[in-house]
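What Swiss-Prot says about this one:
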DOMAIN    4-121  domain 'Response regulatory'
REGION    138-176  region 'Disordered'
COMPBIAS  144-176  compositional bias 'Low complexity'
DOMAIN    172-368  domain 'CheB-type methylesterase'
ACT_SITE  S192  active site
ACT_SITE  H219  active site
ACT_SITE  D312  active site
Amino acid sequence: MAVKVLVVDDSGFFRRRVSEILSADGQIQVVGTGTNGREAIEQALALRPDVITMDYEMPLMDGITAVRNIMQRCPTPVLMFSSLTHEGARVTLDALDAGAVDYLPKNFEDISRNPDKVRQLLCEKVLTIARSNRRSISLPPLPSATSSSHAPASSSSVGASARVGAGASPAPASTSAAPKRKAYRLVAIGTSTGGPVALQRVLTQLPANFPAPLVLIQHMPAAFTKAFAERLDKLCRINVKEAEDGDILRPGLALLAPGGKQMMVDGRGTVRILPGDERLNYKPCVDVTFGSAAKAYNDKVLAVVLTGMGADGREGARLLKQGGSQVWAQDEASCVIYGMPMAVVKANLADAVYGLDDIGRHLVEACQ
């Protein structure tokens, strides 16, 4: 059965273009279009699509307000289109907090050297998020990142796509044994689709005196990572910044890999930022950072693979395991997309599998 898609944008040209691209894929059926947020809600209720694509800047009602309403009334995976600017990044992160599952730059065809490949990416994203965990996106929206810097985090200060919606049963408790305590020299966390909210959920549980350095690898465009790091820094008690070449790892500091580049660490505790290798699908790539950590710290790394499509992180996890380090994976019930964690689990590389709400607490227990 074809995936039913609702396309919402105030630009007639863009609605037609997105509809043409999606309709060219035999697995996708465009069942309706809308020109603003109000129409998005009306059409979502009437047509019950499997996926909605939506712009964030529209008349009458903006995309973020529409997403919040849709998540409350008929939870549906939403793919947001955004601009590759700092402001576009901020708005996109707000949309993810409101319940959107993924995003693409609005000029996705123009910025690619291979338009055919990026058109295929749009279809792949739609097909993938159509299979996303609806229970994990069905939450009322949460406030945007306006809290004071490093204030204690409350359970309500995190985004929507990681939580269980009204009327749904809670995710099952983690079945893995208590985490092994060890003097870890590094905590490395890798993620993709659903990651911005998942990282927010985990990191806001860490105390300001968290005893280990952290590196974060989130598949994200170059224009977005600085805004995302700033957002996390406002919400978390630990410090968070976008990594720069030469940064020094230190306890209580999380360094986010910059988009479009690769991040590596060395045994002296120094971060190296390298140009993105065109041969790699992801920039930043979880495998690259995990692999460098395995070489630098042997058995002193605690790695966590969170929600995301694909299998990035699996080979890096294999190297970490060969050196004696610990690898955790997020459980299927709490993932938006159970791809990257599943790859680690199926390869028998996960020492523990935890629900998203348990990971932060277990990190504290393991590293104290």
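Glycine residues also receive a Cβ, built from the backbone N, Cα and C atoms like all the rest.
Everything Swiss-Prot records as a feature, shown here on the structure.
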{"residue": "S192", "record": "active site", "DSSP class": "coil"}
{"residue": "H219", "record": "active site", "DSSP class": "coil"}
{"residue": "D312", "record": "active site", "DSSP class": "coil"}
Nonlocal residues around H219 (active site), in sequence order (Cβ under 8 Å, 6 or more apart): T191, S192, T193, G195, Y282, P284, G308, D312
Cβ atoms near D312 (active site) (within 10 Å, other residues, all chains): 26
Counts by DSSP class (helix H/G/I, strand E/B, coil) across the domain 'Response regulatory' (4-121): 54 helix, 26 strand, 38 coil
For the domain 'CheB-type methylesterase' (172-368), the mean pLDDT of the predicted model: 94
Cβ neighbour count within 10 Å of S192 (active site): 26
